[in-house]
Amino acid sequence: MKHKAPPKITLVGSGNWGSTIALIVGRNAGKHKNDFDPEVRMWVHEEIHENVKYLPGKKLSSNVIAVADLVTACIGSDILIPHHLKEGALAISLIKRFLIDKKEGVIRLVSEGIRGLLNIDTAVPMGANVKKKWPVLKKSFESDNFRINLTKDSNTVELCGGLKNVVACAAGFADGLGYGSNTKAAIVQLGLLEIIVIVELFYHDSNIQTYFESCGIADLIATCNSGRNRKICEAFGPATAEAIFMMLTKHNMISRFPLFFAAHQICKQQLSSNFLMERLRKCKGELPDKWVKR
């Protein structure tokens, strides 16, 4: 009987998030040598086996091998964390954004794009949608400081990762105007409600329980209260807000989302930041009907 070699892992990307995952996956691959090839490739230019910008003092495991050429890094890999792919490879998308189909005016998930372009199975953080491969994914990512949960509601997980950036913009505006924690709490509350409604409108059958996982309320609060929310807003917020604005406008739904509308208008410098406070005082968010007991 031919012996089946353990799966090989390759990470594509080496920023803050990528380096953090490399630390975890590298340790787990070295620890579970019967389950994984101990060599973990990482597409990055080799320096000193450390990301001095984002993770100073945190040396990557010796089994995490830097490979400067993307094709070389991916050849023969079984798990991509995603070009030239081994048959049966699985891509794991850690991208906390999504795509907008401007022509159709709908959201396209990054995992859907990867699956369609590369024709391979795709999973997302905490929302593994490839059930038979769940045990190996959990074992490769979980650590004492990085808890992994299983949910079938992977669409909601992925959408929360992108939509939270617009709410972070609004939280940053409140900081800039000198408002306190109560105002920011109101922004988080309304932002969460608008996220829930957007997800339900464009990806039906979402589960309210998903918002109580790490991808929902927890990540939203952490992002809005982090000292990095200004950087997050500048990097991802305006583009996401504009995409959502275009989508909601096309479907004549923009009036239902005062926070997302205000964030977009302020990002485009079409309204002052004070407009956000005016909207916040007047609006009252409502859950989708299916979750409201009459």
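Note: Cβ is positioned from N, Cα and C throughout, glycine not excepted.
Pulled from TrEMBL, these are the features on record:
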DOMAIN    8-81  domain 'Glycerol-3-phosphate dehydrogenase NAD-dependent N-terminal'
BINDING   Gly13, Ser14, Gly15, Asn16, Trp17, Gly18, Arg228  NAD(+) binding site
BINDING   Lys96, Arg228, Asn229  substrate binding site
DOMAIN    153-272  domain 'Glycerol-3-phosphate dehydrogenase NAD-dependent C-terminal'
ACT_SITE  Lys164  active site, proton acceptor
If you run through the domain 'Glycerol-3-phosphate dehydrogenase NAD-dependent C-terminal' (153-272) with DSSP, how many residues end up as helix, strand and coil? 97 helix, 0 strand, 23 coil
Candidates Gly15, Gly18 (binding-site residues); min other-Cβ count within 10 Å returns Gly15
Starting from the Cβ of the residue listed as 'active site, proton acceptor', draw a 10 Å sphere and report how many other Cβ atoms land inside it. 29
Could you pull the average pLDDT for the domain 'Glycerol-3-phosphate dehydrogenase NAD-dependent C-terminal' (153-272)? 86
Gly15 (NAD(+) binding site) to the residue listed as 'active site, proton acceptor' - Cα separation in whole Å: 20
To the nearest whole angstrom, state the Cα distance for the pair Gly18 (NAD(+) binding site) and Lys164 (active site, proton acceptor). 20
All chains considered, the count of other Cβ atoms within 10 Å of the Cβ of Trp17 (NAD(+) binding site) is 14
Please work out the number of neighbouring Cβ atoms within 10 Å of the Cβ of Asn16 (NAD(+) binding site), leaving out its own Cβ. 13
